[in-house]
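See structure below.
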Amino acid sequence: MAKGFYISKALGILAILLGVAAVATIIALSVVYAQEKNKNAERGTAAPTSPTGPTTTSATTLDQSKPWNRYRLPTTLLPDSYRVTLRPYLTPNNNGLYIFTGSSTVRFTCKEPTDVIIIHSKKLNYTQHSGHLAALKGVGDTQAPEIDRTELVLLTEYLVVHLKSSLEAGKTYEMETTFQGELADDLAGFYRSEYMDGNVKKVLATTQMQSTDARKSFPCFDEPAMKATFNITLIHPKDLTALSNMPPKGPSVPFDGDSNWSVTEFETTPVMSTYLLAYIVSEFTSVESVAPNDVQIRIWARPKATADNHGLYALNVTGPILNFFANHYNTAYPLPKSDQIALPDFNAGAMENWGLVTYRENALLYDPQSSSSSNKERVVTVIAHELAHQWFGNLVTLAWWNDLWLNEGFASYVEYLGADYAEPTWNLKDLMVPNDVYSVMAVDALVTSHPLTTPANEVNTPAQISEMFDTISYSKGASVIRMLSNFLTEDLFKKGLASYLQTFAYQNTTYLNLWEHLQMAVENQLSIRLPDTVSAIMDRWTLQMGFPVITVDTNTGTISQKHFLLDPNSTVTRPSQFNYLWIVPISSIRNGQPQEHYWLRGEERNQNELFKAAADDWVLLNINVTGYYQVNYDENNWKKIQNQLMSRRENIPVINRAQVIYDSFNLASAHMVPVTLALNNTLFLKNEMEYMPWQAAVSSLNYFKLMFDRTEVYGPMQNYLKNQVEPIFLYFENLTKNWTEIPENLMDQYSEINAISTACSNGLPKCEELAKTLFNQWMNNPNVNPIDPNLRSTIYCNAIAQGGQEEWDFAWNQLQQAELVNEADKLRSALACTNHVWLLNRYLSYTLNPDLIRKQDATSTITSIASNVIGQSLAWDFIRSNWKKLFEDYGGGSFSFSNLIQGVTRRFSTEFELQQLEEFKENNMDVGFGSGTRALEQALEKTKANINWVKENKEVVLNWFKDHS
C-alpha cells in the first residue's frame, strides 16, 4: 500500500510558505464548529444485531481465557476456499441507508480437534439458519457436529460457532452464512464512494480490505497467513461494470427475478490473503493495452477522466514497469490481467489488491495541461510501488503484520527502480535520500521509535496493526534495503531475491527467509565478501530501533559509532540485544577521490588510516548516502568541507552536498555540534543551483521556522534567506525567459520550484509581485489559468496569503469546479495560506462536512491549516474540541490519526504547549488514540526536545542571522 498522506514536492514546500506574513499575536477565539450531517444518520456503521437466537458479547463480559476473546486466530482451522456472492445497493433504502447483501461458503480443514469455530466478522447482520448465524456441513463423507449456539464478539470482531461435539483433525467442512452490511462512506471494507458527474451524483461500490476489513465484507479468517482461493460473484445493476481480482468467467448474465440486475462471476483466484481481495461496481470506463506477455492492462476512471485521456500516462508506464519487475524478480507476472482504478474516495495512497489495484485519483491520473511534474512523478512511483507488490507481498506474503516493513519497505525501495526504468532521464533514484532516508531519520531518532520488526506480541489489535503503517515501515525499511542492495551489489541482491520468490510462491514468510536466500547468493560467488552473515549484519538494523551517528577524528583516524538521539538526555527504555551498536558499511572520499570500503564491525570505535587527514586533506563519509547513518567530524575537517563547498563544491557529489546540510542540522538539533556550524554549512548556497542541496536547506531550516516564526528571530532569518535565494531566483528567471518556459531537466524543475517558494515566502519583492500578478490574471479570466502547473502551489499560496476574502473565495470556487484531483489538491492546500483568522476558522469547520471536504482529505486539510502560524492554534483547539467526533467518524484504525497528531503539534516548543498536550492525552484516555497512539508519545517527546533546544539556541541563532543578513 502506498502511503496515504501524500505531499507533492510543490505542496511540501507550502509548509515553508504557510504563515509567512503572520508573525503577530494570535487572537484566541471561541468557535462553534459545524457538525457533520452524516448521510447514514449517525448510526455508526454497524447493521442491527440479530434479534433472536445468538448473543452479542461486549468488552465488559470478556473472559480472557477463551480463544474468541484473543485477537489472534487459533491455528485449529485453516481455510481452503471461499465462495462469496455480494449484492451492493447503490441507492438508499427506506431508512436512508446504503446496504449490501451477501452469502458466503467457506471450506476449511481442521488441523486440531476443536468444538468451536472462530471466524472474523465486523458490522455484519446475519440471517439465521435454524436459529443460528451459520450452517455447518461436512465435505464428502464427513459428518459435521451440530451447532450448539452462535455469538458475535464485538471487541475481537469474531463470529463464534459453538459446537455440541468436536471437529475431527484432518477432516474438511463447509460453513455457510447469509448476511447484510452497510455500504457506508467510511473508506473501509466494502464501502461506497460518491462523485459528481456534472450536476448528477454518482455512487459506486468499492473495497479497502487492508489490513483488517475484509471481515467487514464477509465472514473470513482475516489474517495474512490464512491464505485460500476465492470465487467471487457480484450481483449489480445491469448498466454498471463489475470488477474483481480475476477476469470474469464469461459475460454477465441477467439476475433471476429482476431484469434490472446482472450477475458477474469471476475466475477462481490463486491462493491469496484476504487483505488483497477487491471488487468494484461502477460505471467507470477504461483505456487498455496488452503487455508482451499477453497480460491485459486497463486503467479505469470516471468516464470524463477517461475521455479526457487522464489515464494514458498510467497506461503507458504500466507495461514497462511490469516487464521490469518480471525481469528483476526473474519471475513472470502471476495473473492474466492488471487492472488499476482511480477512486474519488480512498483513504490510502493506493492499494496493491492482486490484479485490481486501487488508487487515489491523484496517484493514477495525469493531465499534462494542469498536472505538475511532481504529480507525474507521483503517478509513476506509486504505480511502481503497487506493481512491485504483485510479487513481493502478494505472491509471497508476510506471515504477520509485525513484519509489515518487509512488504512496504521493499516496495518503497524498488518503486524508485521501476519508476527509473520507465523514466530513465529523471534520476529518480537520487530522490530517495531526501524523500525517505532523511525524512524517516527525524522519527527514528526518538526513543519512542520502534524496530522494523516489532515483536509479534506487540501487534495484535486492529489499531496496533494500523500503527505499523508508519514511516518506519515504509521509509526506514526502504533505506536499509537500499543499503543492503548496495553493499551486496544489485546483481547479487536480485539473485537472492529471485530464489526467495520462487521458493515461497503462494506462501507466507518472515524476514529470516529473505536473509537465508540472500546468504545463499553470497555463498555461491567469490567477489563479494562480508564481515559476517547477511542475517548477523541486518538483524542489527531490523531488530533494534534507531541508527548510528558515525564520528570521525581526522587527526587520529579514529572512527566511532553511537546511537543517535534527537534528545541526548532522553532515556532509551527499549532494550537491545546488540546494545545499540551496528555493523556499518563505510564508504568515503578523500579530496574528492574514492577510497576503499570499510566495515565498522559492531564495535564502538576503531582506527584506520583511511580516516586520517593531512593538513591539506579533507575526508567525507557515506558517499551518496547509501548507508543509513549520519556522520560527524572533528571541527577542523568540518571547516575544510565548508571551505571546499565555498571554493570548489563540484568536488563533493551533489547528494553529499545535501548530506552535509542534513547531517549538520540534525547533529545541531541533538546538541552534538554548535548550531552555528550547521548554519555556516548553508553559506555556499548563494552559488548553488542544484535541487538536492537547496532541498536539504529548505527542509532543515523549516525546523527553525517552526521554532522561531512566533519570535523576534524570524525577521533576521527571512532576511538571510532572501539574500541567499535571490541569485538562484534570478538564474531561473533568466533560464525560463521570465517564467514563460519550463526547465528541461526534472531536477532543475524542482530547483525552480524551491527557488520561487523560498523567495516568495521570505519576502523577495520580485517574487511577491510575480505571484500577485499571475493570480490576478487568473481571477480576471477564470477560464484561462496562466500559471504553469509546476508553480501553481507556490503562486496560489502566496497570492492567497497576500490577499483577502476575494482571493480566498475565488480559490474555493475553483476548488469546487476542479475536474482533476491534482488541481484540487493544490487549491485545497493553498486555501490554508490565508492570514485571516476567520477564514481559517471557517475552513476548519468545512472538514467536518464531507460534502465540502472529502473524508480522505480532512486530515491533510487540518494539517495544512496547522502549518500556518496563524492557523496552528486554531487547528489544535479544533482537534481538542472535536477529537471524539473525529475518532468516531474515522475509526481507531484509520491511518490518518498519526498524521493528524504529528501535523498539529510540530510547532510545539513551550511549557504551556507541553502542558496542553499532556492534558489532551489525559482527557481522552477513555476515547483513545487508535493508530495515533505512538504518534502522541512521539509528539510529547519532540515537544520536550524542542523546549530544550529553543532555550539553548535562540539567542545564538538570532545573533547569527543578524550577522549574516
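Even glycines carry a Cβ here, placed using N, Cα and C.
Record note: Swiss-Prot gives His385, His389 as Zn(2+)-binding, and the candidate from Glu361, Glu408 in that site is Glu408.
Taking every protein chain shown into account, Ala350, Cys760, Cys767, Cys833 are the recorded positions, and of these the Cβ with the most other Cβ atoms within 10 Å belongs to Cys833. Cβ proximity to the Zn(2+) site centre (mean Cβ of His385, His389, Glu408, cutoff 8 Å) flags the following additional same-chain residues: Met1, Ala2, Glu352, Glu386, Ala388, Phe392, Gly393, Asn407, Phe410, Ala411, Ser412, Glu415. Cβ environment of Met351 (substrate binding site): Met1, Ala2, Gln208, Met209, Gln210, Ala278, Val357, Thr358, Tyr359, Glu386 lie under 8 Å away, each six or more residues apart in the same chain. The DSSP secondary structure for Asn680 (N-linked glycosylation site) is helix. The Cα atom of Asn316 (N-linked glycosylation site) lies nearest to that of Gly349, taking the recorded positions Asn231, Gly349, Glu408, Asn734, Asn738 as the candidates. Summary for the recorded positions Asn316, Asn353: the Cβ-based neighbour count within 10 Å is maximal at Asn353. Within the same chain, residues at least six positions away from Asn569 (N-linked glycosylation site) with a Cβ under 8 Å of its Cβ are Asn948. Tyr474 (site 'Transition state stabilizer') sits 13 Å from Gly349 (substrate binding site), taking the Cα positions as reference. A straight line from the CA of Cys760 (disulfide bond) to the CA of Glu408 (Zn(2+) binding site) spans 37 Å. Ranking the recorded positions His389, Glu408, Asn508 by the distance of their Cα atoms from the Cα of Glu352 (substrate binding site) places His389 first. When the glycosylation sites Asn680, Asn734, Asn738 are ranked by how far their Cα is from the Cα of Asn624 (N-linked glycosylation site), Asn680 comes first.
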